[in-house]
Amino acid sequence: MTAIVIVGAQWGDEGKGKVVDLYTESADLVVRYAGGPNAGHTLVVGGEKLIVRLIPSGILRSNARCVMAQGMVVDPGVLVSEIDAVEARGCSTQGRLFVSDRAHLILPFHPLVDSLREAAAADGVRLGTTKRGIGPCYEDKASRRGARLGDLRDMKRLAQLVSRSLEAWTPTLRALGGEPPSLDAILDELTPLAKRITPLLADTSQLIDGALRRGERVLLEGAQGTLLDIDHGTFPFVTSSSAIAGGACVGAGVGPTRIRRVLGLAKAYCTRVGEGPFPTELDGPLGERLRSVGGEYGSVTGRPRRTGWLDLPALRYAARVNGLDGIALTKLDVLTGMPELKVCVAYDTPSGRTREFPIDDIATAKPVLETVAEWSEPIDAARSMTELPAAARHYVEMVEKETGVPVDVVSVGADREATIVRRNAFA
């Protein structure tokens, strides 16, 4: 019985797709437990890129079965499009993809609410959402009026639930200048999608439990990142679900005693999409260089990501709230050739200097930066720590020392093979 959790340790976009794909070589079951189509995972295999927003990253591994658990919110149109894209790659989803009948349904007017709210919000209040309807869907869930994927089996019941949700959102839509779609139009859109999706529905908590009882290796794949967590992130500039490791138990329907290890993913620098505080942000040529070399553009929105120096207090914070016992450090190769290299080691706050991440004062806290040695030698061919330049090796060792957590994986390039694996999470 082995279950491991892979979670983002920053503001998302840490490279979960590649690392999850790496570990699915050893996994029997890959489970996505939170979020929705706002979280795009990019897989690069043989130089070809595939972006999945809903389906777990393990779908390209023929040995792995994939689960979309009840903590997710699902846009049925996006799901069907992804299934078609995966199948077009010659990768069958038949008997390999299972979707929780308890996951909530993103309805066609949820993205409309999201977009209109963002457009109407004033500067400083705008959250910078992906406008995919995630927040409004989770609002329906919390208000106990949402429709779930299992309701696609009964169109009469679905019509009642959609009608109730539409009635609740209509005043908001009209106040924001939008026109709500008709119930008939919504049902016409959902009916053909329901025929594609209902054969995939299952009690996924029971499915996961069965796999664990049989001694199978289960990988629980997070979405977004720790600093976007609804409770532990930089509120209110956060997502609508739990993005930390503890959310895996709730979102997947497994008890905490079933989790063996927690691996946190962190870039060798920091990025953030959308609004919100970002203390180590770089606005000039260095920030643009990180964005250009690192390909830092949102896989869902295409928006340029904000870039900045590695934030060690934030990484220590993520290690604490997730209980990390391993780190996967990604995009180390992007730092190659940087004319200068700095990291944040502490913060100056009104109450003094602290090595902790000042989550409640983050908008006004000032990062304390230290210069570290840079390197110019290409590292994408390295497959062991000894093959790295001394400065790159010391950078990895610094992360271990500052967080107290071993770096198990170092990504030195975009492709699957460009990876240094020091310890397998399933070992």
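Glycine too: its Cβ is placed from the backbone N, Cα and C atoms.
Here Swiss-Prot flags 12-18, 40-42, ARG305, 331-333, 411-413 as GTP binding site. Contacts of VAL412 (GTP binding site) defined by a Cβ separation under 8 A and a same-chain sequence distance of 6+ are given as LEU332, ASP333, ILE379, ASP380, ALA381, ALA382, LEU388, ALA418, THR419, ILE420, in order along the sequence.
Here Swiss-Prot flags ASP13 as active site, proton acceptor, drawing on sequence analysis.
DSSP assigns ASN38 (IMP binding site) to coil in the three-state reduction, outside any helix or strand. Residues or ranges marked as IMP binding site by Swiss-Prot on the basis of sequence analysis: ASP13, GLU14, GLY15, LYS16, ASN38, ALA39, GLY40, HIS41, THR130, ARG144, GLN224, THR239, ARG303.
If you look up Swiss-Prot, you'll see ASP13, GLY40 marked as Mg(2+) binding site, on the strength of sequence analysis. Residue environment of ASP13 (active site, proton acceptor) contains 29 other Cβ atoms, counted within 10 Å of its Cβ in all protein chains.
The annotation active site, proton donor is assigned in Swiss-Prot to HIS41.
Under the three-state DSSP scheme, ARG303 (IMP binding site) falls in the coil class. For ARG303 (IMP binding site), the same-chain residues that are 6 or more apart in sequence and have a Cβ closer than 8 Å to its Cβ are VAL273, GLY274, TYR297. Sequence annotations record features per position, and here Swiss-Prot assigns substrate binding site to SER299, VAL300, THR301, GLY302, ARG303, PRO304, ARG305 based on sequence analysis.
Residue density at GLY12 (GTP binding site): 28 other Cβ atoms are found within 10 A of its Cβ, drawing on all protein chains shown. A Cα-Cα distance of 12 Å separates PRO304 (substrate binding site) from ASP13 (active site, proton acceptor). Each residue contributes its Cα atom, and for THR42 (GTP binding site) and ARG305 (substrate binding site) those atoms are 15 Å apart. Taking all protein chains in view, 28 other C-beta atoms sit within 10 angstroms of the C-beta of ASN38 (IMP binding site). When the alpha carbons of THR130 (IMP binding site) and GLY12 (GTP binding site) are compared, the span between them is 13 angstrom.
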